[in-house]
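Here's the structure, in structure tokens; my notes come after.
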Amino acid sequence: MFSWSYLMGLVMVATATLSLARPSYNIAEDTTLEPEEPPTKYQISQPDVHSALPGESVELRCLLGDAIMVTWTKDGAQLVSNNRTLLIGPYLQIREAAPRDSGLYACGATRPLQSETRYFIVNITDGNSSGDDEDDNDGSEDFTNDNNHKRAPYWTNTEKLEKKLHAVPAANTVKFRCPAGGNPLPSMRWLKNGKEFKQEHRIGGFKVRSQHWSLIMESVVPSDKGNYTCIMENEYGSINHTYHLDVVERSPHPPILQAGLPANTTTKVGGDREFVCKVYSDAQPHIQWRHIELNGSKIGPDGNPYLKVLKAAGGNTTVKEIEVLYVRNVSFEDAGEYTCLAGNSIGISYHSAWLTVLPDEERQLDSSSSEYTEIAIYCVGGFLIACMIGTIMMCHMKGRGKKSDFSSQPAVHKLSKRLPLRRQVTVSADSSSSMNSNTPLVRITTRLLSNTDTHLLAGVSEYELPEDPKWEYPRDKLTLGKPLGEGCFGQVVMAEAVGIDKDRPKDAVTVAVKMLKDDATEKDLSDLVSEMEMMKMIGKHKNIINLLGACTQDGPLYVIVEYASKGNLREYLRTRRPPGMEYSFDIFRIPEEQMTFKDLVSCTYQLARGMEYLASQKCIHRDLAARNVLVTETNVIKIADFGLARDINNIDYYKKTTNGRLPVKWMAPEALFDRVYTLQSDVWSFGVLMWEIFTLGGSPYPGIPVEELFKLLKEGHRMVKPGNCTNELYTMMTDCWRAVPSQRPTFKQLVEDLDRILTQTTNEEYLDLNNPLEPYSPSYPDTRSSCSFGDDSVFSPDPMSMNLAFPNPNTQMAPLKHEATQPA
């Protein structure tokens, strides 16, 4: 009896051992099916090999000398920058690497008439995983089994079966999944084009992941095209699903230009011609049209070619549009050689053609007769104009004779005309809203001019402004210089003002002068006067653009303000980005000044002081942004345009401005949706301005369309922490972006906190080159039409509105090197 019990125990143990070993045996069998990756057509003899573990960073450097253009590809597909992959010229950085980042990387350096390519092999491996199933986080769910009753096979995740057609480039990895369930657990087999799919049917074989119900084929080729059917079956039934695979062949070659194009052509002066250049390229081509002027030689006296770039792909220009070059109203200067230059990541190709210009003989013969015709036309036209002027003057004289009550008045008449100049940017003592105070500032009187008055702006009557002795400046001591730009109400020019500084009565001081344009309207004059009066009332402060004087008498209105030689803050920061961070082919350019972390904190502190002063004067800015902040020669930060009169009821926030920026990106939700402007809405804008500073002039909410931005702001999403920013400063930003205005800090609190941070910051904390900055492209606006909440998201949830903790700093931008020494 004892021997039989002992024998049965051994049988049960052996049976249990076999049942437990069977899954392990299947998995081991799967791993034996993994072939070595065959060499692809992109590989060379000795590529650089880089290995890393998941979650680590990978950096590739491609230094191939002076290159016009450097492009990066992965497995033959061109790469673009995103939140995990950063491309800066010859540098490629992959943050938080995953197994799907493994592959063959290539950098191509393009030069005139030649190109060079360097290759890298990146392996992201984990000892516990093959790397094929990094996105199969729900694999355990696929094996859910109902032990209570038997059941035929069924699909457990129909969403993974929705995409039936898969079109991929050659050399990519393809994975088909058929997650199923059943009791007993169904078996899986695969068919290709209706026949059993075996390892020997494909060079390199394939992988079957039974635990994830998947079929994996690496480095696909055109012969892999076809229908792939998964069959799930057990003793109670079977189900199947079919995928269709289409493999697009990629060809690594420089652009191919159609023979015979562009073609030589001849035309006469004044004619129109076009050159056509047909470009065929698998990779994205870059096309340029160049003109070598006809002067007997391609080389000028300075040793440089007479070369001019006429047209280049960029912005919203398509390849089809750039393939045609139009030369209209041809002159002799247009003669010469025209070259179509096309390049991609593999190399450069070009074709040239000649334009010959001949004199227009018919035009020369007709020139004499046309001159007589023009003279006759001018004479007749002049006579008719003289008759019209005479008739108008006679009617005017008769009308004046009838109105005897005006006959005794002098040549200059004064008509009382009150313009609605209101303090739209001030607030009352009991409210912080900018829409409550409507006190008129100044009374302007129009003046009808006699015939002797000549200095009259087109479209605007000449006005008599009341003289203010405190601010009036002699017009003869002001020397106007070059234009600085156009503002809201007119134009701004540089000038020299003698004696405007009371401490230096004999010295000339460089100032900026605001004046109306030639086509200014009465509203433009009203707005300029309103801004001048507002600046008078606000007074002076170190961190705002101060009013120095005005010329209001005996001539056009000149408003004299301080001059900031280094321009607006946004461009000031962008030109001082570390080498390699700006959008430029020359990544080794030395920035104008080496910025430190303390410089950025000091800039933020000065802005907070300026806004604290404006808030104390009950002034609401309503357009606080880096583009409206100026920098002086001594790097003093000054807030500008705080006195502008804006019609807040008629702004179309859905239209882009002329320079492509959307003002909604700096506006608080209550200002955006309810048109309520308060000091708290300025605090929100200050938080966005801080984000601009610590991204060195980055564009807020990059790639987010306006309609999506409205939705995301309402849902409580906010931008993530910039790379050159500590956790403490980012907390200050998010406090400024509180959904409830009363929960945001005041400018006084911001000044106190920034003063404390500034005193704890050393001068040696230079910006880290490895920290990613927002890409800056002056020609290419963001074109993404949707946002992602994955790695590409630029938002993080608002802790107040979403009841979530702050985003983990370890999963966002890389911190600065000095962050460990700062309070966080």
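All residue numbers here begin at 1 and follow the chain in the order shown.
Including glycine, each Cβ sits where the backbone N, Cα and C put it.
Swiss-Prot assigns the feature region 'Heparin-binding' to one of the listed ranges (160-177, 412-429, 700-717), namely 160-177. Swiss-Prot records N-linked glycosylation site for one of Asn295, Asn724, namely Asn295. Annotated range for region 'Disordered' in Swiss-Prot, selecting from 201-224, 345-368, 441-464, 801-824: 801-824. Of the listed cysteines Cys178, Cys340, Swiss-Prot assigns the disulfide bond with Cys230 to Cys178.
Of the listed glycosylation sites Asn83, Asn329, the Cβ environment within 10 Å is emptiest of other Cβ atoms at Asn329. Counting only same-chain residues at least 6 apart in sequence, those with a Cβ under 8 Å from the Cβ of Asn227 (N-linked glycosylation site) are Lys192, Asn193, Gly194, Thr242, Tyr243, His244, Leu245. Asn83 (N-linked glycosylation site) is 20 Å away from Asn123 (N-linked glycosylation site) when you measure Cα to Cα. Here Asn83 (N-linked glycosylation site) is positioned 48 angstrom away from Asn264 (N-linked glycosylation site), judged by their C-alpha atoms. Looking at Asn240 (N-linked glycosylation site) and Asn83 (N-linked glycosylation site), their Cα atoms lie 39 Å from each other. The distance from the Cα of Asn329 (N-linked glycosylation site) to the Cα of Asn83 (N-linked glycosylation site) comes to 48 Å. Classification of Asn227 (N-linked glycosylation site) by DSSP places it within a strand.
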